[in-house]
Amino acid sequence: MCGICGIIGGRSDEAAIDRMVAAMRHRGPDDRGTYRRGRIALGMTRLAIQDLSPGGHQPMASPDGDVWMVYNGEMYNAPEERRHLEELGYSFRSTSDTEVILTLYRHYGPACLPRIRGIFALAFVDLRDDPDDPTVFLARDPMGVKPLLFGRGTDGSYVFASEMKAMLASEVIPRVVEPRALRCLLEHGSVYQPDSLIRGVSMVRPAHSVTIRGSDVRVDRYWHLGVDRRSEMRTADYGDQVAAMAETLRETVHAQLIGDVPIGALLSGGVDSATLTALMAAEVGKNVRTFSVGFGKDLAAFDETDIAGRFAEHLGTKHTRLEIDHEMVRNEIDRIADAIDQPSIDGVNTYFVSKAAGEHVKVAISGTGGDDLFMGYPWHAQMLRYGSGGDFLAAYAESAGRFHETFSSSDVNQLIAPSLLAASGRNHRDDYAALDELGQSETVDRITALTLRGYTNNQLLRDIDAMSMAHSLEVRVPYLDTHVIDLALSLPIDAKLARGIPAAPMRDSYRTSGIKRVLIDVAAPLLPPGFDEVPKRGFGIPFGRWLNGPLRGFVQAVLTPERTARTGMLNPQAMARLQRILADGKAISGWRLWLMTISQLWAERIGIEPAR
């Protein structure tokens, strides 16, 4: 796992690539490197996971030096593809997965991407057609687990990087907010791809590549959700469906345990992470390192570490529990603002559990994606209830939009700085059509696709990458492996919801509500008796208690009209009204307070320049 960056063309100074690499040192403290050729420069900072020797150094060149590469990620099927390439006559100088991908590209070109099972953002400089005018090829993994930003510099260059801080360190990307993305952030709690919060910078979409040759830029898609669905599973006996999911998860966890460093697990009180931890323990034996965060008895409604502890005891793991309070959040908040890369309503929980894990391991398995695949969110049930007829997308936007809405569109009109308002566009619920990747499929599959390409991609995965890499920790997400996704999209609705539409999925137990049916039955032989008789909980932070209580003064100090005027994102008049409300002691949504506070801190630390 690494941070990667590059500059193509333009007139940037030679030190630009070094500044970009330095801005991502936290992503890879083990090594760093750069490559320059004419007006092209590549950079990387390495977190060594596979092949800890200098043989894994990047940028990496082919034996004859005609292809150069930087790569952030992990390839889980590298051993199999290495053997395949050796049969074709290739030899290897290292045991790193980087060299396997480099060799695949040399042999197959862009067609190598579907062969890579893993998480990645990568870049090749290909000199083979014309050394004086090389082709630059960028690509991102199918689910967008690893980030890749891309933009045009003021000097005419193309710039790419794993993080926004590195993009800005090039000094050819203006530090100006994109108004449309700011509206999306305030409405949804995160920025929806391909937009970013900086004008002129986009996210390369998941499962897409970008080819740059001179002034020509081409974007291609190489993978689609559900492309390898198993049609026979739709009508298979339920027992066969459970067995198939159990085997697919077991094989996926086995594949994702590849590496030459210790691997742990992020263990919450939910069935998703507990199931993966159980499969991991079965592979490697006892004493797996597991990690969870809690809040103490006074905040028991938010704390699931008691359940996580029971899972850990049952599985025989070596468990670490970190208890956090408002003082820890206050002490870390500047570092959180640095880490988050782009503001988000979430991610603080991941920051702290990654902090705990990063002190002991370099890699951790996460249960992210279980709810997304197996109908585990409240709006999924609402969508089935209201979305079977009429305009499906309008119904989905209403259900999911209400669940995720931080500020209403009318609220946002008051919050955005007047200089940005006119360019901020419309209500972002209208954007769901672009995410409807399985628009011709059954309702259950459309809901899954919309969730994966919306909430999962734009909030969960981005926050996980930013917050874990702040602690030099690689997080792997087995539920979002393409093999698991293909199988999940092959299953009928009754494999995911046992009793039709649950009335209260977040209050009832797993068994009573019937949610995530197939996953519960996969977990049954692995987890302690009664695990399915507890209610599902979210992994949240008690922002309402803290920001309306002991941290209220801090919020007041950050969200002043004077400070917000200097960054030009939030409307100073709206902040003056907020100050009066806070001074009167009235309670405000903790999520809203957090989003405004972290957005302002981010803008200050990254040096946002007000729009002119």
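Just so you know, the numbers here start at 1 and follow the chain as drawn.
Using the three backbone atoms N, Cα and C, a Cβ is placed for every residue, glycine included.
Among LEU257, LEU266, LEU393, only LEU266 appears in TrEMBL as part of the ATP site alongside VAL293, SER366, GLY367. Binding residues for ATP (LEU266, VAL293, SER366, GLY367) extend across at most 15 Å, taking the greatest CA-CA distance. Remark: of the recorded positions CYS2, LEU266, VAL293, the most isolated position is VAL293 (fewest other Cβ atoms within 10 Å of its Cβ). Note: the Cα of LEU266 (ATP binding site) and the Cα of CYS2 (active site, for GATase activity) are spaced 20 Å from each other. In the three-state DSSP reading, LEU266 (ATP binding site) counts as strand.
The average pLDDT the prediction assigns to the domain 'Glutamine amidotransferase type-2' (2-215) is 96. Cα of GLY367 (ATP binding site) to Cα of CYS2 (active site, for GATase activity): a distance of 22 Å.
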